[in-house]
Each structure stands twice: as structure tokens, then as C-alpha cells.
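Structure first, then comments.
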Ligand code: F6R
């Protein structure tokens with residue numbers, strides 16, 4: 001959730017640490033800070049709010065020193081104040097942390113009982129004091145950290161700076177990612193390869209329980225039993241340039257517009273166009289023995305999984321369990337032999353989803369991971385990596401990752417169906433043809449951007465908005481509501497259209513816009529009946545359908561959005577575009593921070 005960078009450098013590091021934080025701001029932007037070791041003391045600069053505030057502080061009060069640590073925070077314990085900003089420091093050590101120290105209260109009580117004064121409300125500060133106590137007692141940095149780590153429960157990635165040792169940093173990882181970067185006469189720590197992209201491409205991924213001492217000469221890595229270990233150095237594909245917004249006003253809009261290209265890019269790995277066959281990146285992975293599928297994910301990725309449940313059941317006739325990851329582990333799920341767990345995650349680091357993956361693995365399930373970051377923890381721990389090729393998604397609201405996930409999941413459902421003997425060659429050809437039409441259809445959907453922008457004001461004034469859909473349009477209704485809530489701060493709910501009459505219809509009046517997602521097709525008439533029940537009670541409907549649908553049912557609507565007419569298989573990809581654009585334009589009309597909405601972070605690495 002938070003982002004970490006550390007440098008043991010040959011030249012001053014403050015500017016480079018700040019640059020690293022810019023790449024990590026997607027992990028949180030509640031506050032930020034940097035500490036360096038300078039002339040036998042630790043110096044810190046911290047600021048609440050976005051990184052720009054820390055940059056201003058540093059401009060007024062520059063920070064010398066060629067070894068330092070930096071942090072961008074998504075607050076868990078303690079508000080987003082300067083005082084709670086990392087690094088947390090004593091006279092001897094400064095420390096940055098990503099994760100949650102779950103037993104911080106007893107540790108805090110223990111420290112205060114020994115007469116130590118803690119200044120912040122965070123869980124993190126106890127670690128700084130525990131390490132400091134050891135150092136003050138004369139221990140070397142590595143020994144001090146080694147003694148403290150077993151006392152910490154929860155999840156952490158740590159980078160620790162020592163006043164008396166300006167030539168080294170100690171890092172540790174358990175439950176939160178941390179990488180080591182190797183430069184020329186310099187060594188780095190970072191939450192991910194992106195953080196270090198401007199410094200080096202030579203990256204080693206620490207494993208669970210690893211801790212590391214870095215100096216300018218390199219890194220000494222130890223496992224959780226304190227044995228020295230080697231972790232392979234890989235060349236990261238992430239380049240040094242910061243991903244740009246191009247001509248777009250926001251990353252989110254740019255990413256919405258990238259969808260035709262990145263979906264095409266993704267499908268290339270899963271479709272053999274000439275042979276009209278679906279395929280997998282690991283062609284010999286045997287799906288024929290799979291008897292049950294469990295899909296687990298969070299947020300938008302969960303809604304992609306919800307769409308996929310329809311496909312797996314329809315094509316492969318395999319039963320599918322679907323769970324939000326934060327619930328999965330705690331409800332004693334039954335996982336039988338022959339089960340495949342599919343985790344879906346843009347970042348590949350979401351703590352709840354990762355915990356579900358590990359739990360299922362320990363129960364003997366095969367794991368497939370649909371992830372966008374191929375070096376992420378989930379990608380590395382899965383048996384079957386199914387990458388989406390969406391490219392870096394910077395806007396906090398997920399857009400292009402969602403449609404790429406859908407593309408992968410549709411292909412996976414077809415692969416499973418074929419492996420189970422449930423797909424005729426003719427059906428397979430038809431699936432390939434329809435999926436191959438998706439990029440052009442997405443382009444067609446983007447053509448309605450201006451008309452969606454024009455109607456955004458009618459939603460921007462609302463306090464509550466409802467989204468309705470049936471079948472695979474139901475998860476899209478949920479996704480539309482999530483997009484609107486998170487970036488425009490308007491309360492929105494998604495419902496299965498047929499469920500309205502069982503309660504939510506009581507909310508309908510002329511102040512609540514109701515967005516109905518209803519492509520023409522087998523469920524159209526049923527959805528339109530539910531829409532008319534809304535209209536009969538004074539509800540103002542915005543209908544998203546195709547030309548036929550709008551002609552048939554658009555008459556008494558507040559507004560209509562006409563999508564290209566597409567096969568039901570690719571409708572969820574295509575109809576994602578208008579719900580994304582509507583949320584985007586409403587947020588712009590309201591003047592919110594579209595790319596960095598309040599209280600959120602892109603990568604949620606705490607449970
Ligand atoms: C919503 C959004 C979140 C993420 C969720 C899962 O726009 O971005 O709901 O979808 O936090 O993140 P990943 O996919 O990285 O596991």
C-alpha cells in the first residue's frame with residue numbers, strides 16, 4: 001500500500017529518492033517523507049498530502065546525504081498528518097514501512113513501560129524503537145534487525161537507516177513486496193522495479209521472510225532462518241521514463257482510450273487467429289482434470305471474475321465459486337481435489353488476494369493468476385501465469401486492466417471447455433472470431449465519448465445513482481457503480497435488474513438517476529420490464545444499449561447511450577467503456593482528483 005525506496009549511493013540521494021517516490025505515488029498519497037544519514041546524524045523531511053508538498057519542503061530545506069530512505073504513505077494506523085508520516089526515527093535509526101504491524105499495541109506498551117516516548121499514532125514507530133534499543137545497547141545494525149524481526153506479527157516491508165552507519169541500509173520483507181536493485185557502485189531497495197526504474201534494471205526479488213543488508217558494493221541476503229541466500233538477479237523490463245499522459249488530461253482517460261490496443265495485444269497471446277483456436281501461454285498445462293473453479297479477487301478485478309463465472313459455467317459446464325478475497329479465507333471454504341483457483345489482480349500484490357492464493361495452494365488447489373504485473377508476487381507464485389498485457393495502469397480507478405482481464409478469462413473459459421470436451425471446433429472458431437472483433441468494437445464504443453460527456457452534468461448533480469443489469473451486465477452495473485463512487489464521490493449502487501422489486505425500488509424518485517445496461521439480446525425484454533417499473537415510479541433512466549435496444553425502449557428515457565451492436569460474448573468488454581467514460585466525465589464535472597481520488601491507493605498490500 002505504501003511505497004518504499006532506499007539508496008546507498010555514491011552521490012547525494014534526496015532528488016533520486018523523490019523521483020522514486022513519484023513512481024510509487026500510486027501506492028498511496030496521504031503523506032511522504034525522506035531521511036538521510038548526514039555527518040553522524042539522521043535528517044528528515046516530511047509533509048502531509050501529496051508528494052508535491054514534500055518537494056516544496058525539500059526545495060526550502062534541501063537534504064544532503066548519500067544514503068537515505070523514502071516513503072509515500074497510505075494511512076492505516078493514525079491520520080494522514082506530518083507527524084504520522086514516515087520515516088519514523090529515534091536518534092539512532094530511521095525507518096520506513098509498508099504493511100501493518102498487528103501486535104503494535106503490546107509492543108508499544110512494552111516500550112513505554114521501559115520509558116521510551118513514541119511520537120506518532122502509527123503501528124510502525126514501535127519497530128524503529130525496538131531496533132534502536134538494540135543499537136543503543138551496542139549491537140551492529142544487522143544483529144539488531146535480526147533480533148527484532150521475529151517479534152513483529154503482521155505484514156511488512158522495511159527499510160532502515162542507521163545514524164552511525166551511513167554506508168548501509170537494512171531491509172526486510174514479510175507479506176509486503178521488497179526488491180533489491182544493483183547499480184554501479186550503488187545499491188537500492190524498492191517496493192517494486194518501477195520505483196527503481198530510473199536507477200537500475202538489475203533487480204532481485206526478496207522472498208517471504210528474507211532480510212538484507214545493502215552497501216555500495218552489493219547486498220547480503222538472508223532467509224527467515226538467517227541463512228545467507230542468493231536471489232536471482234533479473235533484468236526488469238520497466239524503463240526509466242515516467243509513464244506519460246500523452247495528450248490526455250488524465251491517466252484514466254488515456255487508459256480508457258488504450259483499450260482497443262491493449263485488448264488486441266492481450267488477445268494475441270490467447271488466440272491463434274489463423275487456426276481459429278484458443279490457446280494458453282503454457283500450452284501443455286492440463287485443464288482436463290479440473291472439476292471445480294474458484295475465482296477470488298477484489299474490487300474491479302472481482303467484477304471481471306463475476307463476468308467470467310457466467311462463461312465458465314456456460315462453455316465448460318464446470319461449477320464456479322466466486323468470492324471477494326477478503327472473505328474467502330475466513331469462511332472455511334471447501335476445496336476438493338481437482339480444483340482450480342483463479343486469482344485476478346491488476347497489481348498482482350493485493351494482500352487479500354495473495355492470502356487467498358496461498359491458502360488455496362496449501363489446500364492442494366492448482367493456481368492460475370490473471371495479472372497485469374508479470375513480476376508480481378502472484379505471478380511468481382501461480383502454477384499458471386495468465387498475463388494481461390495492459391501495460392502500466394497509473395490511474396487509481398482500474399479501466400484497461402478490467403477489459404484485458406475479461407479477454408483473458410473468456411479465452412481461459414474456452415480453453416477449459418475444450419479440455420473438458422465441451423467445445424465443438426465450430427464453437428471454438430466462433431469464440432475466436434467474436435473475441436477478435438473486440439478491439440474494433442471497443443473503438444466503436446469510444447466514439448460516443450462526447451455524447452457521454454454532454455450528459456455527465458445530469459448525473460453530476462445527483463446524490464445517489466443506481467446501476468441495473470442482468471446476466472453479465474449485472475457485474476457491469478456493479479463496476480459502473482464502483483467507478484462512479486470512487487472517483488466522483490457520488491453514492492452509487494449496482495443491482496441485478498430483477499432484484500429491484502425486492503427492496504431497492506423504494507429508493508426511486510426523480511432525484512436518483514438510474515443507469516440501465518441492456519444490450520439487445522435474450523435478456524433485453526426482462527431488463528426493460530424492470531426499467532419500466534422504475535420509470536412508472538418517476539425514476540429518470542439513462543439507457544445504455546445498441547441501436548435496436550435504444551429504438552425499442554429509449555423513448556421515455558432521460559438519455560440514451562448507443563453502443564455498437566456486438567455478440568453477447570464481448571458485450572461486457574464493450575459496455576465497460578460507457579460506464580468508465582460516464583464516471584470519468586462526472587468526476588471531471590465535479591472537479592475531483594480523477595487519477596488520485598481521496599482515501600484510495602492503487603496497490604492494496606494490507607489486509
Ligand atoms: C477500482 C479498483 C480497485 C481494484 C482492487 C483490486 O477501480 O481499481 O477496486 O480493482 O483494489 O486491485 P488488483 O486488481 O490490483 O488486485
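Start at 1 and count along the chain as shown; that gives each residue its number.
Glycine residues also receive a Cβ, built from the backbone N, Cα and C atoms like all the rest.
According to TrEMBL, the feature domain 'Glutamine amidotransferase type-2' maps to 2-217. What TrEMBL lists as active site, nucleophile is 2. Annotated domain 'SIS' per TrEMBL: 282-422, 455-597, in sequence order. Annotation comment: TrEMBL describes 602 as active site, for Fru-6P isomerization activity.
According to its DSSP assignment, residue 602 (active site, for Fru-6P isomerization activity) is coil. Between the alpha carbons (Cα) of residue 602 (active site, for Fru-6P isomerization activity) and the residue listed as 'active site, nucleophile' lies a span of roughly 10 Å.
Within the group of active-site residues (2, 602), the Cβ with the highest number of other Cβ atoms inside 10 Å belongs to 2.
The helix, strand and coil residue counts that DSSP assigns across the domain 'SIS' (455-597) are 71 helix, 29 strand, 43 coil.
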